[in-house]
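As written in TrEMBL, here are the features:
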- GLN174, CYS175, GLN176, PRO306, TYR307, GLY308, GLY309, MET310, GLU311, ARG603, MET604, LYS605: peptide binding site (BINDING)
- HIS335, HIS339, GLU358: Zn(2+) binding site (BINDING)
- GLU336: active site, proton acceptor (ACT_SITE)
- TYR423: active site, proton donor (ACT_SITE)
- 503-647: domain 'Peptidase M1 leukotriene A4 hydrolase/aminopeptidase C-terminal' (DOMAIN)
Amino acid sequence: MYPPDCLIVKRPVPDVSKPCSDRKPWQAAARCSLSVVTGPSIMSSDPCSFSSFTRCVTKHLNLSLHLDFERHVIRAKVELTVEALEDRFATLTLDTRDLKILSVSANGQPACFSLGPKHSFKGTPLDITLPFDVSRGQHVIVEVTYETSPSASALQWLTPEQTAGKKHPYLFSQCQAHHCRSMVPCQDSPSVKHTYYAQVSVPKDLVAVMSAVRDGQEVDPQDNNRIIYRFRQPVPMPSYLIAIVVGALESREIGPRSRVWSEKEFADKAAYEFSETETMLKTAEDLAGPYVWGQYDILVLPPSFPYGGMENPCLTFATPTLLAGDKSLSNVIAHEISHSWTGNLVTNKTWEHFWLNEGHTVYLERMIGRCMESEQFRQFKAIGGWKDLQDSVNTFGANNPLTNLVPSLQDVDPDDAFSSVPYEKGFALLYHLEELMGGPEVFMGFVKSYIQLFAYSSVTTEDWKNYLFTYFKDKVDILNKVDWNAWMFTPGMPPVKPQYDTTLADACIALSQRWTKAKEQDLGSFTEYDVKSLSSHQLIEFLSLLLQETPLPLTHVKKMQEVYGLNTCMNSEIRFRWLRLCVCAKWEEAVPLALKMATEQGRMKFTRPLFREVFNFEKYRKEAVRVFLAHRAAMHPVTAGLVAKDLKVDASNSSSL
C-alpha cells in the first residue's frame with residue numbers, strides 16, 4: 001500500500017531527455033556463469049508477478065531495441081535504474097517470459113544470474129545477484145542483454161499479406177496485463193511505475209512509434225539501411241503500458257496535440273472518424289484535471305488487434321472495427337482518453353483491483369458522453385453496460401468467483417479473468433454511490449479529488465474506499481449502509497440494480513418486445529420504417545435486448561433481414577449482434593458470415609462470442625473448430641489461446657477434445 005508521502009519524489013529520477021549509451025543493444029558483456037539457486041525467488045504481494053518489488057523498485061528503463069523481421073525477434077538491451085528499499089540489498093528478481101538472457105551487469109560490473117523454473121502463465125523468474133551491496137535509498141543500474149522469442153506473447157509479427165498495404169511487414173505489442181515480461185525483463189507489476197527512454201532500430205522503409213513522446217530519428221550508424229527512432233516517457237507508468245508499433249505508417253493531424261497513425265489505406269478514414277478527439281480531451285480535462293502526457297495520438301492497428309482500444313500513454317491503440325464511417329463508435333476513444341487519468345495516472349496496484357482502472361474509466365467515459373450529448377445518453381449507455389455485465393455473468397456462471405468485483409487471482413491467469421465485470425460492475429457501484437452521495441456533480445468532485453490525491457501512484461480497493469469515507473466524512477452513516485461485501489467479494493450480479501432513465505431505450509424495448517411476442521401471422525406488420533428513426537446506438541441496444549431473450553424462430557430472423565437488411569450493415573457492433581442472433585436462430589446461411597467476421601478481425605469482444613455461437617450450433621461444431629485451426633496462426637497469441645479454450649481445442653495436438 002502506498003501512504004500519501006509516497007507521492008512526493010524524494011530523489012531525482014534519471015534524465016530521460018538523454019539517450020542511453022552508444023553500446024550496441026545486442027553487445028554482450030562478459031558473462032558470469034549461471035549461479036546456483038540458493039533459495040526460492042522472494043515472492044511479492046502481486047500474485048501475477050515474481051519480481052521482488054517489496055525489496056526494490058524500478059525508477060527508469062533505458063531500452064535499446066533492434067528489430068529483426070526475418071527471425072521475428074528483438075535483440076535488445078535494457079538498463080533498469082533500481083532503487084533499493086532495504087539495506088545490504090544484493091539480490092533481485094525480474095519477470096521474464098521466453099527471453100534468451102545473454103548477460104547481466106550492475107553498474108558496469110558482471111553480475112551472476114539464474115533463471116528459475118517456468119510457470120504456465122507467469123513465465124520465468126530472473127534471479128540476479130549483484131557484485132556488491134546497495135544501501136537503502138541508493139540506485140543501481142542493472143543492465144540485461146537479451147533476445148525475445150519468436151513466440152513472445154506481447155508481440156505479433158505480421159507478414160506483408162496480413163497488412164492492409166500488402167508490401168511491408170508489421171509488428172505491434174500488447175503488454176496488458178502481464179506480457180511485457182516477454183518483451184523486456186522487468187518488474188512486471190502495475191504496482192511499479194517508472195519513466196523510460198528508448199532507441200529502436202528498424203528497416204528504413206518502416207516507421208516506429210511508441211507509448212512515449214517522439215524524440216527524433218537518425219540513420220543507424222551500424223547499418224545505413226536502418227533508422228533509429230528515439231522516444232522518451234517522462235511520466236512514471238507501469239510496464240504494461242510500454243508499447244511499440246513498427247510498420248509502413250503514415251499520420252494525419254487531427255488536433256493541436258493529436259495525430260492519427262495507420263497504414264495509408266486507413267489514414268484519411270481514421271482522421272475523419274477521430275476528428276472530435278480534441279473536444280473529448282478538453283471535456284475530460286474539465287472533468288478530471290490537466291492532461292499530463294503531452295501528446296495524445298491514436299494508432300489504428302491491423303485487424304488482428306485483440307481489443308477495442310488500449311490506453312498506451314501518448315499513443316492510444318484502436319481497432320479498425322471502429323471505422324464505421326458515422327462516428328457512432330467514438331465512445332471507445334472517450335474510454336481510452338479517460339484512461340489518461342484513471343488507469344495510467346492512478347493505477348490498480350494488482351490485477352485483482354482492475355475495477356479501479358476500468359470502473360472509473362467507464363464512469364468518466366460516460367460523463368464525457370453526458371457533457372457532449374446529454375444525461376439521457378449517459379443513462380442509455382449505462383443500460384447497455386448492464387446487459388454486457390449480465391452476459392459476462394451468464395458466460396462465467398453466477399457463482400464463479402471471477403465475477404467478484406475484487407477477485408482472487410492466486411494461480412489464475414489474468415487473461416482468463418478478462419471480462420466486462422470490472423468495467424460494468426465497477427461502473428454500477430460508482431453510479432449507485434453517485435445516487436447516494438448527491439448526484440453526478442457531487443460524485444465527480446470525489447473522482448477528481450481521488451485522481452489528484454493518488455496521481456502517479458498505484459492503489460488498492462482499500463485505499464480507494466478509505467478515501468471515499470474521508471471525502472464524504474459527513475455522509476459516513478449512508479456509506480456504512482452499503483453492502484460492501486456483496487458488491488466487492490460476492491459473485492454474480494450486483495446487490496442493487498440502478499434505475500436508469502429509459503427514455504432513449506424505450507423505442508428499442510418496444511420494438512424488441514414486438515418481435516419476441518409476434519406470431520408467424522404477425523410478421524407482415526414489420527416494415528423498414530421500424531428502424532428508420534433509430535440511431536446506431538439504439539439499433540445496437542435493440543439487438544442486444546433480443547440476444548437476452550429465448551432465440552427467435554428462424555422465420556422471424558429471416559423476416560428481419562427482409563425488412564431491415566441488416567446483412568449489409570458494416571457497423572461492427574451491429575453486425576456482430578445481428579450475426580449472433582442469426583446463428584442462435586439456427587440460420588445456416590449465417591454460419592459462414594459469422595465465421596468470416598470472427599476471422600477477418602481479431603477483436604476478442606467479437607471473435608470469441610461468434611466462435612462460441614457457431615460451436616454451440618451442434619451441426620457446425622466441427623466447422624467452428626476447423627475454421628479456427630485454419631486461422632489460428634494469423635491470430636494474436638492471446639486471442640488464439642482463449643478461443644482454443646472456448647472451443648475445447650487441445651493446444652498440444654491441435655485437435656478438438
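In case you wondered, yes, glycine gets a Cβ from its N, Cα and C as well.
Those TrEMBL annotations? Automatic predictions, nothing curated.
Sequence-distant contacts (6 or more apart, same chain, Cβ under 8 Å) of MET604 (peptide binding site) comprise PRO306, TYR307, PHE418, VAL638, THR639, LEU642. Over the domain 'Peptidase M1 leukotriene A4 hydrolase/aminopeptidase C-terminal' (503-647) the predicted model carries a mean pLDDT of 95. Nearest in space to GLU311 (peptide binding site), taking C-alpha to C-alpha distance over the recorded positions HIS335, HIS339, TYR423, is HIS339. Site extent for peptide: among the recorded binding residues GLN174, CYS175, GLN176, PRO306, TYR307, GLY308, GLY309, MET310, GLU311, ARG603, MET604, LYS605, the largest C-alpha separation is 18 Å. In sequence order, the recorded positions near GLY309 (peptide binding site) (Cα within 10 Å of its Cα) are HIS335, GLU336, drawn from HIS335, GLU336, HIS339, GLU358, TYR423. Listed in sequence order, the recorded positions from GLN174, GLN176, TYR423 having a Cα within 10 Å of the Cα of GLU358 (Zn(2+) binding site) are TYR423. Here the Cβ of TYR423 (active site, proton donor) has 23 other Cβ atoms within 10 Å, regardless of which shown protein chain they belong to. Same-chain residues that are not part of HIS335, HIS339, GLU358 yet have a Cβ within 8 Å of the Cβ center of the Zn(2+) site turn out to be GLU311, GLU336, SER338, THR342, GLY343, ASN357, THR361, VAL362, LEU364, GLU365, TYR423. On a Cα basis, HIS339 (Zn(2+) binding site) lies 13 Å away from GLN176 (peptide binding site).
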